[in-house]
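Per TrEMBL, the feature signal peptide maps to 1-22. The feature Mg(2+) binding site is assigned by TrEMBL to 68, 179, 181, 338. Annotation source TrEMBL lists Zn(2+) binding site at 68, 343, 347, 384, 385, 459. The annotation active site, phosphoserine intermediate is assigned in TrEMBL to 118.
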């Protein structure tokens, strides 16, 4: 009876709020009431699927767009926000990543935990090997924080495979370039937290391990490096050029090395530019630049909604600069673009921040597609893991994604449509939730309510999506281990160990067609046989092969 009573109350509230809530559409556009609207939409989508041809070219370029913490709930909520930012209802919005024709799911667990972190997942999708929590570019025989287990257990990434194949390579991130995701492209570390030598225990240094920042220069010759992380590159006490009075922004290195200067000295004979602000970044000419290191902050970059556009470019702008530099290589390129602060917005339970970061990330995906040719560029969008993030209640069509559900809880208090399972938003006092009726939950600083008190919200363990378009995009399908991603990307681009795709002769649509086999003896044809291959060439003209016996 108690459940029934509250159900009736809830339905009454829904009816009342539906008739009184301002600026909320209880139903969709009028045309959506006509069944022919949906039939026509379905028929159009079906025909597009039927018309789709598989692109089996070799991928000259590979672009991997990684939304850190961008679970499926985040994608859905960001889609609605993106529409609402343009005064639309939001639910029907199509993000750039939504247009990718091939989709799969990736299982994200690490070797030792059901729910992973960003370094173990990065090792999976970049190196093709699952590993333990908090380790970077090493297999699961290495142990978190134990240097001596690192030696001999290093694994390389697709960025290195691409570089070894003669391609140009780059990383673009909104975090520090020594952070878990970008670090895995070039570093091997028993701890993801060894950003500089100042972050390492004496025992690890004594046993021969080196910090991640120093490995950025030593391990792989990376053409474009864009993100934050200045303070890990300079000697302790070095003033930061942007924040000279902030001691926390000054250099951290204890070995006295100035890695930025070292990087510049390594590029003798090349045009290598280091920049730390918008003005110098804009002055970089991609046509004449061989190498670019752009570090816009001492640590991670600012959230996009707090970014000073006169000082720091957007992720779409940094992506564009990277592509223009890398695409000069006739052999192609590999580029990792990370929307890293999606994750950090979620950890702080600030859904507005996380979703605005996702919208900015989607804009970068659009820029990447604009600057490349789909016939020769494999583009992927995926996430490393999700978060304890829920989209709940019964909000009306078009209601702000950052707003409150029209239904109240049993305590007769409202709750937001977006909430967290745990995190800093736990606000229960004397067994009562806070009354948020007069609280602006759409503020960028609003901390969503959560069920369990934690200083920082945790990751989620469900599968994440992988979206693909371009050469061999159909390989990204079904439910796969996250480590599958690296192998499929490498196969598509003919880098790494498995080169069968190149050897099959499928690059650029130059497949072998049928051929005629002739056996001749003393100029007389003994046998003529048409041999059909698995592929058809453009003009379907048979090639002629003769074997002459005298």
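Placement of Cβ uses the backbone N, Cα and C atoms for every residue, glycine included.
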Neighbour-count leader, CB within 10 A, binding-site residues: 68, 384: 384
Proximal residue to residue 181 (Mg(2+) binding site) among recorded positions 118, 343, 347, 384, 385 (C-alpha distance): 118
Number of Cβ atoms other than its own within 10 Å, given for residue 385 (Zn(2+) binding site): 27
Those recorded positions of 118, 343, 384, 385 having Cα within 10 angstroms of residue 179 (Mg(2+) binding site): 118
Residues within 8 Å of the 68, 179, 181, 338 Cβ centre (excluding the Mg(2+) site residues themselves): 66, 118, 122, 173, 174, 175, 180, 182, 339, 340, 343, 384
Nearest-integer angstrom distance between the alpha carbons (Cα) of residue 343 (Zn(2+) binding site) and residue 68 (Mg(2+) binding site): 5
Sequence-distant neighbours of the residue listed as 'active site, phosphoserine intermediate' in its chain (C-beta under 8 A, six or more apart): 68, 69, 179, 180, 181, 192, 343, 384, 385
Distance, residue 347 (Zn(2+) binding site) to residue 338 (Mg(2+) binding site) (CA atoms, angstrom): 17
Other CB atoms within 10 A, centred on residue 181 (Mg(2+) binding site): 27
